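Below: one structure, written as structure tokens.
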Amino acid sequence: MKTLLLTLVVVTIVCLDLGYTLTCLNCPEMFCGKFQTCRNGEKICFKMLQQRRPFSLRYIRGCAATCPGTKPRDMVECCSTDRCNR
């Protein structure tokens, strides 16, 4: 009986989604060391480079539910593993 109960507990733990959360870099600088744990539903890390005017660049990194769209002259890279948006 104890073996059956233990087996059921193990199967339940394995089959349940234990709430894995993604970790992404989150900062506006080119060189970044600040991480954030993404919220539920955010399964994408992104790195965006925005060109505001000639020789003026803005870096944005963070979590998202989907890969963000860009404007002309902007670049975005998306990935789905921990700390992949370096």
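Numbers here mean position along the shown chain, with the first residue as 1.
Glycine residues also receive a Cβ, built from the backbone N, Cα and C atoms like all the rest.
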According to Swiss-Prot, the disulfide-paired cysteine of Cys27 among Cys32, Cys38: Cys32
Cα-to-Cα gap, Cys45 (disulfide bond) vs Cys63 (disulfide bond), nearest whole Å: 5
Cβ-based isolation winner (fewest other Cβ atoms within 10 Å) among the disulfide-bonded residues Cys63, Cys84: Cys84
For Cys32 (disulfide bond), the number of other Cβ atoms found within 10 Å of its own Cβ: 15
Neighbourhood of Cys27 (disulfide bond) by C-beta distance under 8 A, where only residues 6 or more apart in the same chain count: Gly33, Lys34, Tyr59, Arg61
